[in-house]
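Read the structure below first, then the notes.
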C-alpha cells in the first residue's frame, strides 16, 4: 500500500501527508460529552458534525450524540445566527438536555459568527429555558488539532460555569487531558484509593464506555454534573494532567477563581505515575496506601522480566503530545530507545521536552518533529529501521509495509475492539503497555525464527 514511499527525503513546508492529528471540533465534542446531560453542538454544516461524530464512534464503538446548525448556502453567505437560534429552540424542545456545548467549525469561524452575542440574544428572547444552559468555545479546524479543541472546550466550561463562592470545598480538581474513559476511571480509582475528594472535568467515563442494558438513554449516567463544574471554583488545587490538553483550563480557572494549579505529565509509566501519586500525597498529607505500592511493585517486576527483549530496541512513536511525552519517558525506563518521536499538534515545548529527556538519558541520533506526519516517519524508517512502531490505527500501513511490530496507542484506534475498556495510565495501565509491547516483539521473533529456536518458554 505504501510501497511507493520514496527513501529520498525532501523538505516539505506547506504539505502534510497522512497527518498525525485530526481537527479541533473532534476534541471539543469529546470534552463536551464529558458533561452530564450535555448535547454537544457543532456550529457549521451537517457534514462536519457527521465526520466528528463518526471519528468518535469508530474509536469508542459507541454512538457519539451531537447536533448541528446545518449550514447551507444562505448561512454560508449571511452567517449562522438564525440557524443556531432555531437549533437551540429545537434541541431543548425535542431532546431536553441540561446544557448545550457549542463549538465552531472552519466555516463559522471564517464567517466570524459572534457566538457570545447569539447566546445573549437567545437568553434575552427566552429561547433558553429556565435552569438550562448554553456555553461555547471557538474551535477553528485550520488551527491546532483535536487536542487544542479539547483544551478550548475545557476553557469554555470554566469561563461559563466555574464559580468562587468563597466557601472552600476541600476538593482537588483534576483535568485528565485527552485520554480515554478507562483512563479517567483509573485516575478516579487512584484518588479514591487515597481517600481524596475530587472533581474530574470533563469525565467521559460512563458516557462512551457504558454497558448495554437493553434500555436506550440519550444521556448516559456518566459525565461531570453541572453543580460540580460550578464548584470547581471552590477547590483547593487543580491538577493539570498534560500541558497541551489541560493547562489552558487550569490557567483560566486560576485567573477567574484563584484556584492554584500544578501541571503534571500524563501519568503513563513509572516516573510520571510516581509524580502524580506524590503530588496527591503532598497536596493532602495522605499516605500512599499499600495497595498502590503493590501495583507499582508489580509493574517493576514485569519490567525486569521483559527487559531482555526490550533493552536497546529502537522505537518510533507518533501521537498526541501529552501522551507521547509520557510514553517516550516510559520507553526509556524500559531500556529501549525513542528513535523517532512525532506529534501532529503544534507547540515547540514538545520538542524541548523530548530533547531534554533524550539528553538526560544519553541517547543520541533520535529525530523529533512537531507538526510531523506518518510520511515523515515512514521515510525515516526506510533510511534507518526500528524494532517497534507505536501509534494510532494509521500506523498499521507502515508496520505492514516494513514488517515492524506494531502497538496501537492513542486516538483514533478504529480497527480493534476493547481498548477503550483498558487504561494506559497509572501503574495498572503501564502493566498493560509492557505486556502489549513485549508480546508484539515476541510474536515477530517466533514468526520468523528457525524451527530450532521456536521455544515453548520465553
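From the backbone N, Cα and C atoms, a Cβ is placed for every residue, glycine too.
Of the residues proposed, 141, 145, 162, the one Swiss-Prot records at the same [8Fe-7S] cluster site as 23, 48, 106 is 141. Counting only same-chain residues at least 6 apart in sequence, those with a Cβ under 8 Å from the Cβ of residue 141 ([8Fe-7S] cluster binding site) are 23, 24, 25, 48, 105, 106, 109. Neighbours of residue 48 ([8Fe-7S] cluster binding site), defined as other CB atoms within 10 A of its CB across all chains, total 24.
The binding-site residues listed here are 23, 106; among them, 23 has the most other Cβ atoms within 10 Å of its own Cβ. Other residues of the same chain near the [8Fe-7S] cluster site, with their Cβ within 8 Å of the Cβ centroid of 23, 48, 106, 141, are 24, 25, 44, 105, 107, 139, 140, 142.
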